[in-house]
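Swiss-Prot annotations:
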type	residues	note
BINDING	HIS84, HIS183	heme b b562 binding site
BINDING	HIS98, HIS197	heme b b566 binding site
BINDING	HIS202	ubiquinone binding site
TRANSMEM	34-54	transmembrane segment
TRANSMEM	78-99	transmembrane segment
TRANSMEM	114-134	transmembrane segment
TRANSMEM	179-199	transmembrane segment
TRANSMEM	227-247	transmembrane segment
TRANSMEM	289-309	transmembrane segment
TRANSMEM	321-341	transmembrane segment
TRANSMEM	348-368	transmembrane segment
Amino acid sequence: MAPNLRKSHPLLKMINNSLIDLPTPSNISAWWNFGSLLGICLMTQILTGLLLAMHYTADTTLAFSSIAHTCRNVQYGWLIRNLHANGASFFFICIYLHIGRGFYYGSYLNKETWNTGILLLLTLMATAFVGYVLPWGQMSFWGATVITNLFSAIPYIGQTLVEWAWGGFSVDNPTLTRFFALHFLLPFMIAGLTLIHLTFLHESGSNNPLGILSNCDKIPFHPYFTLKDILGFTLMFLPLTALALFSPTLLGDPENFTPANPLVTPPHIKPEWYFLFAYAILRSIPNKLGGVLALAASVLVLFLSPLLHKSKQRTLTFRPLSQLLFWLLVTNLFILTWIGSQPVEHPFIIIGQLASITYFTILLVLFPTIAALENKMLNY
């Protein structure tokens, strides 16, 4: 009998082992759909971004006009732009849910997969930040100024580092040019990191909602999970297209409809919604360096998750106290997101400070403590 090409061809064999004949736990829920949704988000963003880059001019005098031209004169340019801008929001919704699922079900115990995942998150955040600067509106310009300026808080080399990043003494043409170059490069880095992420994942295989070994009950990825993923794609593209067609500016900032003006500061500088939780933590500390360290810690704290896992059970499925703590953390993140969008005045300042303390306390103190308590209650 002739060998099956899918199983013998050097390239097809890799695809087959990752997407077709991959043994998959039979009980993984819809929470396991977000990995493939992130993949489809990345592909959509690269495609729409490539089409937008063909009509974009990375120059301070022309950037804003070139985007207006894309939306008005290019065939379906408005749609491509709206899909790209709102696609970023969906990318972050998916990645936050993906991380939440990993945290809830103890997937961070696959250390390499978890760590590459955090690197992916950081790269995605960098990509979204430099991308937000490209339209060269008011919020683009001032957002870039405020956030890049934070590097000046680094002792001794800070100021030099900022001027080196800017390519001058303020955010100007060189900054825009290099940000465009970075925004083009980083998604391909994300694609490369994704392959590493998947390689590490397939070393151990997927986790499952029970957090137990599933070798005794595996099913092939295709057709079961390919079909399930296609359903996921449909359920994501529906709200994305609805948002892009009916309310494309809902998640943006009205300030960005005004071309960048270095002489006029917007009344309230704030990033896109997906950075607001970190922005709230940054603002809650009255010291510049302290704020920057807290901002970095808000994401880098995820690296500690495997070390802080004290429970004898992997998932939170059968741990009601830890579940309560998890949902408290989720609520706390919503509060931080809301605070980040508010002006710096009473009572928002104190709420932000309390929410920031709570965020780190839950992750670093309460989770390990409650896990140890649950072990004791279960006589482990």
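Numbers here mean position along the shown chain, with the first residue as 1.
Using N, Cα and C of the backbone, Cβ positions are placed for all residues, glycine too.
Structure coloured by features recorded in Swiss-Prot.
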residue : record                   : DSSP (3 states)
HIS84   : heme b b562 binding site : helix
HIS98   : heme b b566 binding site : helix
HIS183  : heme b b562 binding site : helix
HIS197  : heme b b566 binding site : helix
HIS202  : ubiquinone binding site  : helix
Region pair the transmembrane segment (348-368) / the transmembrane segment (289-309), three or more CB pairs under 8 Å: yes
Sequence-distant residues near the transmembrane segment (321-341) by C-beta distance (under 8 Å, 6 or more away from its ends) are 100, 103-104, 270-271, 273, 275-281, 283-284, 311, 348, 351-352, 355-356, 358-359, 362-363, 366-367, 370-371, 373-374
Could you check which of the binding-site residues (HIS98, HIS197, HIS202) sits closest to HIS183 (heme b b562 binding site), going Cα to Cα? HIS197
Could you name the stretch, out of 179-199, 227-247, 289-309, with the greatest number of CB pairs under 8 A to the transmembrane segment (78-99)? 227-247
Binding-site residues: HIS84, HIS98, HIS183, HIS197, HIS202 - member with fewest neighbouring CB atoms within 10 Å: HIS202
Contact count check, CB pairs under 8 angstroms to the transmembrane segment (179-199), set 34-54, 114-134, 227-247; argmax is 114-134
Here the Cα-Cα span from HIS197 (heme b b566 binding site) to HIS84 (heme b b562 binding site), rounded to a whole number of angstrom, reaches 24
If one takes Cβ-Cβ under 8 Å and requires six or more residues beyond its ends, the residues near the transmembrane segment (289-309) are 99, 103, 106, 108-109, 111, 114-115, 118, 121-122, 125, 150-151, 153-155, 277-279, 281-283, 356, 359-360, 363-364, 367-368, 371
What same-chain residues lie close to the transmembrane segment (114-134): Cβ under 8 Å, and 6 or more beyond its ends? 56, 58, 63, 67, 88, 91-92, 95, 98-99, 102, 107-108, 140-141, 143-144, 147, 175-176, 179-180, 182-183, 186-187, 189-190, 193-194, 196-197, 200, 271-272, 274-275, 299-300, 302-303, 305-306
To the nearest whole angstrom, what is the C-alpha distance linking HIS84 (heme b b562 binding site) and HIS98 (heme b b566 binding site)? 21
Alpha-carbon spacing, HIS202 (ubiquinone binding site) to HIS98 (heme b b566 binding site), which is rounded to whole Å: 17
